[in-house]
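Trainee: Here's a structure for you.
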Amino acid sequence: MTNNKIIVPLDVPDLQSAIVLVEKLDEVSFWKVGLELFTASGPQVLEYLKCKEKKIFLDLKFHDIPNTVAGACRSAARYGVDLLTIHAAAGKDALKAAKEAATEEANKLSLQPPRLIAISLLTSISSRQLAFDLKIPLELPEYVLQMALMAKEVGLNGSVCSPQEAFQLREVCGDDFLLVCPGVRPTWADKDDQKRTFTPAQAIKAGANYLVIGRPITASTEPILAWEKICAELITTT
Ligand SMILES: O=C(O)c1cc(=O)[nH]c(=O)n1[C@@H]1O[C@H](COP(=O)(O)O)[C@@H](O)[C@H]1O
């Protein structure tokens, strides 16, 4: 069963484990490479996924000064990945510099520029943590909206948000703004460290373009079955 709206993260410790998962879940067309695997394998995993004709979300969550994130985005653009992340909290100048650098480098190499999306607020953060740990004096939905609007203003392609904020962001930011939602949990799955969750069907109904779903599939004893169950739920409920 296929579903091109689900991105599965390769949150595994090495290239060999990634290969095992990709071979097992043959139906998955969009994979995410994050900090754990990229730190271990470097670009080798990207080459492997390209050979398999998979789409790639390179989730390195850049968060640094403008000059540094620009350099990182220039390097990432050379891999010809589909999606790339930066933290909105790096600020407007950093987002702008990142976008310009990624686009310029990809154009120079005649590659499609990666769609650069800003993390609004990690889905592992609750309203309480936002207020008491991060000391942000805004309601959580308002903070997420402001981060997304800042990303949109400087020309980023979209935002990573929890599905709980997707409806509001879709209304305000418009149909062209990409909404990528982790924090997605079927009713039968554990929430793990995710704080702001919706089910896959709720997330799609709220306006998400892509759902990032990891452990409910990858940590399952039957990953193929879990994948198929989620795909079937989406077909029957959306
Ligand atoms: O950028 C992300 O993909 C991301 C942002 C965010 O706010 N929350 C979040 O969980 N993620 C990623 O989405 C994936 C979620 O995995 P599971 O919680 O296993 O479904 C992980 O790879 C996280 O790194």
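Note that Cβ sites are derived from N, Cα and C of the backbone, with glycine treated the same way.
Sharing the record's features from TrEMBL:
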DOMAIN    5-230  domain 'Orotidine 5'-phosphate decarboxylase'
BINDING   Asp11, Lys32, 59-68, Thr123, Arg185, Gln194, 214-215  substrate binding site
ACT_SITE  Asp59  active site, for OMPdecase activity
ACT_SITE  Lys61  active site, proton donor
ACT_SITE  Lys61  active site, for OMPdecase activity
ACT_SITE  Asp64  active site, for OMPdecase activity
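Could you tell me the structural context for the features on the list?
Mentor: Here the Cβ of Asp11 (substrate binding site) has 19 other Cβ atoms within 10 Å, regardless of which shown protein chain they belong to. According to its DSSP assignment, Asp11 (substrate binding site) is coil.
Around Asp59 (active site, for OMPdecase activity), the same-chain residues six or more apart in sequence whose CB sits under 8 Å from its CB are Pro9, Lys32, Val33, Gly34, Leu35, Leu83, Leu84, Thr85, listed in sequence order.
Annotation note: Lys61 (active site, proton donor) sits in a strand segment as assigned by DSSP.
Neighbour count (other Cβ atoms within 10 Å of the Cβ, all protein chains): 15 for Lys61 (active site, proton donor).
Spatially close to Asp64 (active site, for OMPdecase activity) yet at least six residues away along the chain are Ala72, Ala90, Ala94, judged by Cβ distances under 8 angstroms.
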Trainee: How does the model score the domain 'Orotidine 5'-phosphate decarboxylase' (5-230) in terms of mean pLDDT?
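Mentor: Per the prediction, mean pLDDT sits at 98 for the domain 'Orotidine 5'-phosphate decarboxylase' (5-230).
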Trainee: Within its own chain, what residues at least 6 apart in sequence put their Cβ under 8 Å from the Cβ of His63 (substrate binding site), listed in sequence order?
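Mentor: Expected: Val69, Ile86, His87, Ala89, Ala90.
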Trainee: Can you list which of these recorded positions (Asp59, Leu60, His63, Asp64, Pro66, Thr123) have a Cβ closer than 6 Å to ligand 1?
Mentor: Asp59, Thr123
